[in-house]
Protein chains: 2
Amino acid sequence: MALIVQKYGGTSVGTPERIEAVADKVIAYRDQGHQLVVVVSAMSGETNRLLELAGQISDRPVPRELDVLLSTGEQVTIALLSMALEKRGCPARSYTGGQVHILTDNAHNKARIQDIDAERVGADLSAGRVVVVAGFQGIDEEGNITTLGRGGSDTTAVALAAALKADECQIFTDVDGVYTTDPRVAPDARRLDRITFEEMLEMASLGSKVLQIRAVEFAGKYNVPLRVLSSFEPGNGTLITYEEEGMEQALISGIAFNRDEAKLTVLGVPDQPGIAHLIVGPIADANIEVDMIVQNMAPDGKTTDFTFTLHRNDYARAMEILQATANELGASEVSGDDKIVKISLVGVGMRSHAGIASTMFETLAKEGINIRMISTSEIKVSVVVDEKYLELGVRALHEAFELEQEAVN
Amino acid sequence: MALIVQKYGGTSVGTPERIEAVADKVIAYRDQGHQLVVVVSAMSGETNRLLELAGQISDRPVPRELDVLLSTGEQVTIALLSMALEKRGCPARSYTGGQVHILTDNAHNKARIQDIDAERVGADLSAGRVVVVAGFQGIDEEGNITTLGRGGSDTTAVALAAALKADECQIFTDVDGVYTTDPRVAPDARRLDRITFEEMLEMASLGSKVLQIRAVEFAGKYNVPLRVLSSFEPGNGTLITYEEEGMEQALISGIAFNRDEAKLTVLGVPDQPGIAHLIVGPIADANIEVDMIVQNMAPDGKTTDFTFTLHRNDYARAMEILQATANELGASEVSGDDKIVKISLVGVGMRSHAGIASTMFETLAKEGINIRMISTSEIKVSVVVDEKYLELGVRALHEAFELEQEAVN
């Protein structure tokens, strides 16, 4: 018998029929002897309906009241799912975030979980009940309703699993696991049985939109085994855990990529301490997120060249800001490109194997793909290339690292 | 400066535009220097939408979960109204029933308020905020969400007014006050400026559907001045208070009536102690509510005749039950009529004036209306007549007691 926390997203509970299907699935797990806590999102479309209502009242609704409004979405789902369970003779109890004391800070619309009082949930589980909890929401210390921001239901599930010391946290979604890369780009992409938290974090932040990053961080921090699996298809999905001793690890777990990137370069700035901050600071002050940053000595040996990437939507505004900064600093030139993409190899196996990066560069060179920027970390290598090479590059790398095959032990 | 609790029903907050209009109205009161607590219902149609969702899952949804579901309706409204107030620069805070500790018993779907902790609301009022509270809902001692049953928002408003010792509780609705009778029946019906709690209770229970009976009882019990007024039209509405010393009271305040009545008679039952219970008991056990009960000695002087009224919907079932009882008791006959109505004169002035009943009977006789049953209490006289005489009877009585005119002091 295991204690399992399951989370079903908006699509999985999008209609009363689908909620009934979730009830069947939950009961099938329970019939195997497991204890179950089920976290649900708002029915798909519901959050948008509520946002539209708010939009009819105000362009900028007060954050506190927006949370009061949006949190009703999940509350509807928990009630309906509990009704469906009870109809099937399965004792169930629904709880809002506040009712199970999911304590957050008071940052409305993007609150962070600080503590969970698992006592009430534990009592219900001991009494043989399935506990259904509203995802995405909590209360602050004063009892005000907060929300964790869109998609935050994953975090609720992981946090509950951590507080309850659950054996596994299962995230049911509309994909059946984590893939070596996007199958729409590389048709022979393969579903991974396992991946480490660190790899998943790199994959997620690089554009594989399977799980909320914060949920993965949380699961890693509290060592909650996390499984991604499909609401609609059978299968075991992908298990995300810590690397286990003695386990042979694949060199590369997957290839992530980001479309919609842009890069900005400023040439010939004085090479002095603090120059990076002088350049990036004004961009950050404008609430523009900078991704990769690369700095190189200029050919003259006295000045430095500075390049960074950001989201394409922020390109024009960042360019303006950078030009002003460049003038102040007496830089020789500012240039940019908003037709680039980023491709990243991710794998904890890199730590113990040399030559990954050079195989990557060689593979891309063979295809005639020019690398515009490189950035590396312990478990990933990212390159920036022209937009038009995205598909070709991902497919070539997928093949070169034989990701379509299971790792050989 | 007064402390006013206002309540706006589902029609008054039926669309975002109407919610904005309510915000304007609330601010107008605030600008007069009043402190305001606003209780709102679900937007009209919302409760039915939620019930339909539940109905798609289960014919008999668990009461606890139905409350979790339905309580989201008011939660949406409090958020939207607070947004509308804040947009207008008026500081506001919304609270669910649970958040302001509206403590109820645990009778889900028809809970009764037991206590309110007004501390939090008081603090907000002192800070200059308008407090917006979800009507119709509370929590039980274990923190489970409860609802007061449909229309219970009136009770929430009155209970808050009592707990806060408010100067007045204003119920905004789609009628502009309490009338001497239904204007659709008697076109010269007049809006009353004032009515006593007792009269209002008799009027409400007899079919004037302006206010929830429980809200009036509550207001009477805690002596909260209650005002009914229109959301859409200007005017002072009707104030419901205790009778004031020295105030000349009108003989009759109004004429209430109930359509959809039926009556059942059992003739010739043995006249023995406990006979009423033997007859009415089985009906009550079948959850059928009995209204008027009249018992008379039969012409033979040894047996008794027994008549009672009930809702027309329950007629067939009650008839079956009564026939079985009559057989057991050896009664001589059972008869019934489901084409009757009840007309009632209501007025605290009756207490000190004789002859009201006889004027009533005389008036009806003049119109050729046969009275089938009579029942009296301290402040009302009710008669049962054939359905076809309802309009004629009400109009004749309205005229006979000169209700179209203000009471003369």
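Every residue gets a Cβ built from N, Cα and C, even glycine.
Curation does not apply to TrEMBL; its annotations are automatic.
As the structure is a computational prediction, the values presented were derived from the model and not from experiment.
Residues or ranges marked as ATP binding site by TrEMBL: B:Lys7, B:Tyr8, B:Gly9, B:Gly10, B:Thr173, B:Asp174, B:Tyr179, B:Arg184, B:Lys209, B:Val210. Listed in sequence order, the residues of the same chain lying 6 or more apart from B:Gly9 (ATP binding site) and placing their CB within less than 8 Å of its CB are B:Ser41, B:Ser153, B:Ile171, B:Phe172, B:Thr173, B:Asp174, B:Ser231. B:Gly9 (ATP binding site) carries neither a helix nor a strand DSSP state and counts as coil.
The substrate binding site annotation in TrEMBL covers B:Thr47, B:Glu74. Mapped onto three states, the DSSP output places B:Thr47 (substrate binding site) in helix.
Summarising the annotation, TrEMBL assigns domain 'ACT' to B:264-339 (among others).
Among the features that TrEMBL reports, domain 'ACT' is placed at B:345-409 (among others). The DSSP breakdown of the domain 'ACT' (B:345-409), given as helix, strand and coil counts, is 30 helix, 16 strand, 19 coil.
Mapped onto DSSP classes, the domain 'ACT' (B:264-339) shows 29 helix, 31 strand, 16 coil. Within 10 Å of the C-beta of B:Thr47 (substrate binding site) there are 20 other C-beta atoms, taking all protein chains into account. Confidence across the domain 'ACT' (B:264-339), taken as the mean pLDDT and rounded to a whole number, stands at 90. Neighbour density for B:Lys7 (ATP binding site): within 10 A of its CB lie 29 other CB atoms from the protein chains shown. Neighbour count (other Cβ atoms within 10 Å of the Cβ, all protein chains): 21 for B:Tyr179 (ATP binding site). According to DSSP, B:Glu74 (substrate binding site) sits within a helical segment.
Neighbours of B:Thr173 (ATP binding site), defined as other CB atoms within 10 A of its CB across all chains, total 22.
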